[in-house]
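J.: According to TrEMBL:
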DOMAIN    7-516  domain 'K+ potassium transporter integral membrane'
TRANSMEM  40-57  transmembrane segment
REGION    94-114  region 'Disordered'
COMPBIAS  98-109  compositional bias 'Polar residues'
TRANSMEM  128-154  transmembrane segment
TRANSMEM  214-234  transmembrane segment
TRANSMEM  293-318  transmembrane segment
TRANSMEM  361-378  transmembrane segment
TRANSMEM  398-415  transmembrane segment
TRANSMEM  422-442  transmembrane segment
TRANSMEM  448-466  transmembrane segment
TRANSMEM  478-497  transmembrane segment
DOMAIN    528-772  domain 'K+ potassium transporter C-terminal'
REGION    658-682  region 'Disordered'
COMPBIAS  658-676  compositional bias 'Polar residues'
Amino acid sequence: MHTILLSFQSIGVVYGRLSTAPLYVFGSIPQNDFKSDESAYEYFSFIFWTLTVLSLVKYTFIVLKADNDGEGGTFALYSLLCKHAKVGLLPNDKTSDDVTNNETGSPSRTKAESRARRAIAKHKSSHYLMLFLALFGSCMIICDAVLTPAISVLSAASGLRRSLTDIKYSSCRKTEDSVLKDLRKYVPVPTSCAILVCLFTLQQYGSHRIGSIFAPVVILWLLFITGVSIYNIFHYDPHIVFAISPKYMYKFFQSISWRSWRSLGSITLCVAGSEAMFADIGHFSTKSIKMTFVCLIYPVLILSYAGQAAFISHALSIKDSSFAIEDYNHFYRSVPDHIHYVFTILSLLASAIGSQATITACFSIVNQCLALGCFPRVKVVHTSDKIHGQVYIPDLNWMIMILSLGITIGFHDIVRIGNASGMAIISGMLVTTCLTSLVIALYWEKSLLLSACFLVFFGSIEAVYLSSNLLNFHKGAWYLAVLLALSLTTMVAWHYGTLKKYQFDIENKVSMEWLTDPTSGLRVSRVPGIGFVYTNVVTGIPAFFSHFITNVPAFHQVLIFVSFKSLPKPFVSPTKRYLIGRVGNRDNKIYRCIVRYGYHDHIRDSDDFEEQIIRSIGEFISLEEHDAESLISTEGKMIIVGKQLPEGDALIPLHDTGATSSPRASTQTNINTTEDTNPKRKRKKVRFMLPTNSPKMCPSVREELNELVDARESGTAYFLGQSHIAVRNGSNFIKRFLIMVYVFFDKNCREPHVALNIPHAALVEVGMVYTI
């Protein structure tokens with residue numbers, strides 16, 4: 001029953017794009033390329049086999065199986081390769097990797113010995129190529145999310161223009177003709193813009209609500225075009241069903257020319273939405289998406305294109321003068337006159353819905369890129385408590401809306417927008433083919449011959465369509481290059497800056513002995529309270545904190561170094577999320593906490609995050625002497641905590657919603673401390689107590705837990721590094737440009753997640769110059 005419900009919702013979200021493609025596929029082919037009725041047969045043959053081979057065979061039966069724990073898209077494929085082929089260039093730590101491998105068991109270690117994996121690991125350039133492919137494919141989905149709303153709504157608006165053309169006045173006067181002409185000229189674009197604004201405004205309600213609202217409309221649309229198509233086939237040309245024969249494609253290639261080759265680029269629009277179908281599986285499920293496409297969408301689309309081809313073939317065979325060159329909406333012309341207005345209303349509604357698939361896919365892809373450090377920080381809203389993949393990104397939503405409105409107003413031409421959209425579609429599909437072939441060899445461990453056959457067969461088909469789209473570069477496809485340059489530069493610059501900052505932290509960290517050794521000469525004083533030091537490094541002391549200690553030789557009674565490590569998987573179980581270790585001996589009261597998360601986890605936005613860390617420290621103290629699953633790191637034993645202890649919780653939380661955060665731990669020197677604008681603002685504070693009856697707890701453990709509770713009562717301070725990046729002298733132009741772009745986004749985008757819920761009075765930002 002749950003799968004049926006998801007299938008119903010997916011119709012309104014995932015398949016709106018594919019369902020409305022018949023509005024503009026034939027319409028985007030230049031009219032001069034329809035030389036005879038045979039041309040309609042040839043183009044329909046291409047559409048049939050393209051839908052069958054790419055959408056049905058490649059995506060439905062092969063690519064959908066390459067999901068990453070229920071998540072799809074080019075970045076999910078890249079994450080699979082990162083996990084199982086060790087090709088990741090994203091900041092990660094060996095300690096965290098080792099624990100992940102221990103969790104997944106021996107199969108991953110066995111896979112690591114394959115010949116293909118060893119060959120890939122030797123060549124660092126192949127790692128950069130895979131990351132570039134993942135970023136390039138993600139950018140294509142973002143660009144498609146900008147172009148799709150414009151072409152979908154404009155296609156339906158052209159039907160509105162045709163309806164206005166059909167209006168006849170019983171007493172026609174010149175003024176009325178002038179008004180009617182102005183309406184036909186100026187109404188479609190404003191109408192399209194109004195629909196686009198409404199569409200993007202609805203995104204905040206989430207995929208499950210939007211799907212439930214949109215699905216009935218799409219179902220009505222599918223039923224309508226099915227009925228019209230069956231009528232057209234029997235009324236105009238029943239022999240169109242024989243056009244599925246590949247011989248018509250052979251005839252097309254026999255009389256090929258540059259103009260006809262260029263028109264093949266419009267055929268790629270018939271598979272528009274196939275890539276989004278893969279990227280959207282995190283919003284629904286693989287089974288529901290596959291079942292809906294095979295049983296409903298695919299047969300309806302074939303009938304729809306066959307009905308249009310039958311109408312076009314008939315019109316060309318009788319040389320119908322009404323087959324106007326300037327009217328590109330063949331679908332509208334094939335609808336019987338008495339239901340034109342029904343078609344106009346349904347097409348307007350369905351075209352607005354048709355953009356939903358790529359918009360939703362764009363949110364999913366960007367959310368994956370965010371967690372892996374490949375996109376500037378933006379707010380991500382989870383719109384469903386049951387399906388974690390359903391997300392909404394407000395900043396991205398409004399940015400896409402503005403760009404889509406700009407295309408609608410600036411181009412207002414289906415053919416030019418179709419050229420750009422077709423190139424985005426086929427480029428993204430080609431990237432998916434390349435990454436899937438690597439998944440077949442490196443993750444599924446099939447033979448290299450099978451992987452090569454997959455790449456050559458599907459890649460050659462997509463390469464043919466890509467070449468035809470390149471011929472249309474000057475006819476609108478250039479706008480895709482502009483969008484690609486903007487998005488790819490943003491993602492590459494952000495990843496480059498993030499990676500360089502991480503490398504700087506690794507190179508400039510100091511050992512823990514420098515802090516804990518009494519002979520170091522620092523003469524450090526300890527102050528009451530708990531200090532949380534947020535850092536990207538998982539061993540040693542980060543450069544900004546050593547800079548702080550050098551100038552202010554004091555830190556707290558309990559010191560916790562907190563690091564966040566992203567793993568190339570959607571979710572990390574709460575029982576395996578926290579990796580706790582001790583720094584130095586027991587008397588130092590210094591701990592390290594590595595918080596691991598997947599690209600769909602947002603644990604840093606939780607209000608009880610501080611409580612979870614303190615409880616994890618308490619659990620570590622209780623398990624330290626007896627845990628058999630510990631990991632030995634360079635700093636000592638580290639334990640995965642989160643499971644229920646047999647003797648109960650080591651610390652019992654007592655929620656006190658009326659307490660205010662204590663600022664007593666704040667310290668000032670050559671640091672930037674952010675003052676709280678409302679010091680009386682109340683904030684949830686969690687107090688702890690030890691269990692009253694715990695006979696298994698040894699005295700030393702109870703004593704250390706008591707010290708942890710006392711430190712929590714004394715107050716909390718949060719240390720964050722504030723980076724100021726400077727480019728090293730002699731750096732080339734590309735490096736300077738990427739760093740400049742990174743600094744711009746770093747200063748103007750959302751604050752780091754960890755700083756969002758920290759009370760200002762307890763936040764200490766330590767400035768540090770990063771020379772890169």
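Using the three backbone atoms N, Cα and C, a Cβ is placed for every residue, glycine included.
Annotations in TrEMBL come from automatic prediction, not curation.
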J.: When you scan the chain for residues with a C-beta under 8 Å from the transmembrane segment (361-378), skipping those not six or more beyond its ends, what do you find?
T.: 71-76, 79, 90-91, 135, 138, 141-142, 144-145, 275-276, 279-280, 282-283, 389, 391-397, 400, 490-491, 494-495, 498-499, 566, 568, 597-601, 745-746, 749-753
J.: Could you give the residue numbers and ranges of same-chain residues that sit at least 6 residues beyond the transmembrane segment (448-466) on either side and whose C-beta is under 8 angstroms from one of its C-beta atoms?
T.: 50, 53-54, 58, 62, 116, 264-265, 267-268, 422-423, 426-427, 429-430, 433-434, 436-438, 440-441
J.: Taking residues 6+ outside the transmembrane segment (478-497), which of them lie with a CB under 8 Å of any CB in it?
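T.: Distant Cβ neighbours of the transmembrane segment (478-497) are 90, 131, 135-136, 138-140, 142-143, 146-147, 369, 373-376, 403, 407, 411, 416, 420-421, 423-424, 725, 737-739, 741-743, 745-746.
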